[in-house]
Amino acid sequence: MRILIANDDGYLATGLAALVQACEGLGEITVFAPEQNASGTSNALTLGRPLNIFQARGARGHAVHVVNGTPSDCVHLALTGVMSQRPDLVLSGINNGANMGDDTLYSGTVAAAMEGYLFGVPAIAFSQAEKGWGEIDAAAATARAIVEQVLSQVRLDGAPWLLNVNIPNRADALQLPRVVTRLGRRHASEPVIRQTNPRGEPIYWIGPAGDARECGEGTDFHAVAQGRVSITPLQVDLTDHAALGLWAARTAQPAA
Ligand SMILES: Nc1nc2c(ncn2[C@@H]2O[C@H](COP(=O)(O)O)[C@@H](O)[C@H]2O)c(=O)[nH]1
């Protein structure tokens with residue numbers, strides 16, 4: 001089995017190294033990762049300049065194809081010709097912090113996995129609930145266990161699937177219950193942070209993520225808050241199918 005592993009925190013990130021190390025022995029592992037931290041870059045592709053790839057070693061010595069681009073660039077390049085053989089599975093992470101609810105729309109971690117899914121390759125995005133890499137090896141062992149469990153239940157050569165996994169930063173993560181959840185929702189982000197640079201010019205920082213707004217039973221927020229591992233199956237079809245008839249009526253044109 002060929003596994004492509006990517007991330008968005010950069011090729012030297014602890015979470016990437018822990019995931020690669022934990023997955024050793026599962027198959028032939030190839031790593032593509034961004035040169036810089038690309039958190040929040042979503043599904044961005046770099047179209048306005050060429051990309052470069054150089055070979056390097058990650059935080060725990062694993063070989064990495066380092067791309068001066070986004071997480072989606074990494075997987076896109078790998079799957080459109082740089083990898084000589086197509087992988088059977090794409091893994092992304094382990095992210096430094098949660099990707100729950102609305103985060104999944106901005107997340108480079110989820111986007112890297114989604115890029116594989118869009119190319120028809122099953123994919124899983126892994127994030128740790130709290131920043132700082134606390135208990136990262138327990139999270140990595142949990143990620144491997146989830147990969148092994150999923151692979152025992154589903155073929156890799158069927159229809160692709162995409163999972164978003166959030167793991168509490170706990171030493172006993174491997175023993176925690178795993179629950180399948182739906183995405184919750186956050187409140188809108190906190191206000192912009194205004195500052196002045198040394199030249200007296202205004203600068204602006206994106207404010208912190210909003211608190212959870214829809215975090216009831218069954219959501220990813222609720223599961224993680226209860227000390228469980230959240231597994232959310234994702235889809236990419238953004239069509240609001242329930243609203244098709246409504247908009248057909250609103251935009252109907254008189255018969256010619
Ligand atoms: N508005 C803000 N959103 C934030 C911030 N820090 C994180 N986030 C959200 O989390 C994900 C992280 O995902 P990643 O895989 O890209 O690292 C990010 O995409 C945002 O949705 C923040 O400070 N403000």
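Glycine too: its Cβ is placed from the backbone N, Cα and C atoms.
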- Message: If I go by TrEMBL, which of S39, S72, S84 binds divalent metal cation at the same site as D8, D9, N95?
- Response: S39
- Query: Out of these binding-site residues, S39, N95, which one has the fewest other C-beta atoms within 10 Å of its own C-beta?
  - Reply: S39
- Determine, for the divalent metal cation site, the additional residues of the same chain whose CB lies within 8 Å of the mean position of the CB atoms of D8, D9, S39, N95; present them in sequence order. N7, G10, A13, G15, N37, A38, P71, G93, N96, G97, S107, G108, T109
- Task: Fewest other Cβ atoms within 10 Å: which of the binding-site residues D8, D9 wins that one? Let me know.
- Result: D9
- Item | In three-state DSSP terms, the structure that N95 (divalent metal cation binding site) belongs to | strand
